[in-house]
């Protein structure tokens with residue numbers, strides 16, 4: 001069915017990098033940075049725990065045949081649990097938990113959005129032939145368990161990131177250590193690189209948030225202004241939001257390209273790895289981990305600090 005294929009391709013994209021590089025920046029720059037920081041904290045831990053669990057359990061993808069695989073990009077990863085199902089459950093539920101009461105909107109609207117988002121992502125993984133029903137159910141329940149644990153402490157984590165004097169040093173060290181020592185692979189897969197870039201992005205966002213707080217930039221709304229209203233949306237406001245997203249994402253992509261050009265040859269030189277074949281070289285752990293961590297760390301830092309500074313400079317804040 002062509003319509004189902006496009007529908008579930010959209011559902012799959014809700015767990016891919018393209019969606020993240022649009023959704024999180026839009027939330028940070030146009031909606032609520034307070035909300036965006038907490039969503040990223042939850043997303044990082046959900047994805048990190050999910051990826052590590054995959055590499056501990058090491059269940060293969062569904063056999064094909066009988067499954068018809070309509071997607072092959074993540075085929076080299078293990079299957080249990082589905083991290084798409086985990087992110088597709090954790091993000092909309094966390095969005096509802098964090099925003100309801102802070103923003104004025106009907107609860108039923110939030111419940112319908114969360115249910116639709118979660119259902120679309122979870123069903124897409126089965127339709128695309130990448131996960132069994134058991135993988136998806138396990139991912140769904142696993143994400144809820146992680147939310148139960150992390151939701152009560154997300155305010156403490158964010159406050160630590162903002163206010164503690166040595167937070168950047170601890171954040172960078174912790175995320176780097178998690179990427180190096182948490183798991184090993186018997187063969188290369190996209191899992192290790194994805195985990196490194198998730199941790200790098202989380203570290204970059206946390207460090208950028210700390211710098212903003214220290215410099216007194218991008219302060220959160222005062223408590224007496226809450227709850228925030230969605231009724232103030234105008235054509236001008238919407239136009240500025242789209243313009244911020246377009247300019248900001250271009251800056252993030254240029255940051256990613258520039259850091260990638262620098263870090264891969266540098267890592268190859270430091271660890272004395274031939275880089276004639278870049279694709280083969282970047283699959284080595286000595287190259288892949290620093291290249292992904294530094295590149296996406298700078299993307300996360302730019303998201304929080306450099307891009308808002310550009311908006312301020314050009315009068316688009």
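Each Cβ is built from the backbone N, Cα and C atoms, and glycine gets one as well.
Annotations in TrEMBL come from automatic prediction, not curation.
Residues annotated as transmembrane segment in TrEMBL: 18-35 (among others). Counting only same-chain residues 6+ beyond the ends of the transmembrane segment (18-35), those with a CB under 8 A from a CB of the stretch are 43, 95, 98-99, 102-103, 218, 220-221, 228, 241, 244-245, 248-249, 252-253, 303-304, 307-308, 311.
Sequence annotations record features per position, and here TrEMBL assigns domain 'Phosphatidic acid phosphatase type 2/haloperoxidase' to 40-151.
When Cβ-Cβ distances below 8 Å are used as the criterion, the transmembrane segment (107-127) is approached by residues 4-5, 7-12, 14-15, 70, 82, 84-85, 87-89, 91-93, 95-96, 99-100, 133, 135-136, 139-140 of the same chain, each at least six residues removed from its ends. Per TrEMBL, transmembrane segment is recorded for 107-127 (among others).
Summarising the annotation, TrEMBL assigns transmembrane segment to 134-154 (among others).
The transmembrane segment feature in TrEMBL is assigned to 166-185 (among others). Using a Cβ-Cβ cut-off under 8 Å and counting only residues 6 or more beyond its ends in the same chain, the transmembrane segment (166-185) has close neighbours at 48, 51-52, 55-56, 160, 191-192, 195-196, 199-200, 202-203, 206-207, 210-211, 289, 293, 297.
Summarising the annotation, TrEMBL assigns transmembrane segment to 197-215 (among others).
Listed by sequence, the residues of this chain that lie at least six past the ends of the transmembrane segment (235-254) yet keep a Cβ under 8 A from its Cβ atoms are 21-22, 25-26, 29-30, 299, 302-303, 306-307, 310-311, 316. Per TrEMBL, the feature transmembrane segment maps to 235-254 (among others).
Marked as transmembrane segment by TrEMBL: 293-314 (among others). Within the same chain, residues 24-25, 28-29, 172, 175-176, 179, 196-209, 211-212, 217-218, 244, 247-248, 251-252, 255-256, 259-260, 263 sit at least 6 positions outside the transmembrane segment (293-314) and bring their C-beta atoms closer than 8 Å to a C-beta of that stretch.
As a summary of secondary structure, the domain 'Phosphatidic acid phosphatase type 2/haloperoxidase' (40-151) carries 75 helix, 3 strand, 34 coil according to DSSP.
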